[in-house]
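Undergrad: Let me begin by handing over the structure; questions about it come next.
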Amino acid sequence: LDPKCTLPLETGICRAELHRFGYDTKLKECTQFVYGGCHHNENNFKKLEVCR
């Protein structure tokens, strides 16, 4: 498992509603979440295929 995938899913503090994907360590799979548009970590992908 890539270390960046163990980072928490961060929605960010801004108010955009962008659909992104990140690895959820509890579910052990990539899931979709709403990203606010700023302040994120590396566990934030535009496409599901890139998250895997």
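Going from the start of the chain as shown, residues are counted 1 onward.
Quick reminder: no glycine exception, Cβ is built from N, Cα and C everywhere.
Feature list, courtesy of Swiss-Prot:
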- 5-52: domain 'BPTI/Kunitz inhibitor' (DOMAIN)
- Cys14-Cys38: disulfide bond (DISULFID)
- Cys30-Cys51: disulfide bond (DISULFID)
Undergrad: Please report the Cα separation of Cys14 (disulfide bond) and Cys30 (disulfide bond) in Å, rounded to an integer.
TA: 22
Undergrad: Would you kindly give the Cα-Cα distance separating Cys38 (disulfide bond) and Cys51 (disulfide bond), rounded to the nearest Å?
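TA: That comes out at 19 Å between the alpha carbons.
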Undergrad: Using a 10 Å cut-off, grab the number of neighbouring Cβ atoms around the Cβ of Cys14 (disulfide bond), all chains included.
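TA: A count of 13.
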Undergrad: According to DSSP, which of helix, strand or coil covers Cys14 (disulfide bond)?
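TA: Reduced to three states, the DSSP call for Cys14 (disulfide bond) is coil.
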Undergrad: By DSSP assignment, list the helix, strand and coil residue numbers for the domain 'BPTI/Kunitz inhibitor' (5-52), in that order.
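TA: Taking the domain 'BPTI/Kunitz inhibitor' (5-52) as a whole: 6 helix, 15 strand, 27 coil.
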Undergrad: Between Cys38 (disulfide bond) and Cys30 (disulfide bond), how many Å separate their Cα atoms?
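TA: Distance (Cα to Cα, whole Å): 20 Å.
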Undergrad: Near the Cβ of Cys51 (disulfide bond), how many other Cβ atoms are there if near means within 10 Å?
TA: 19
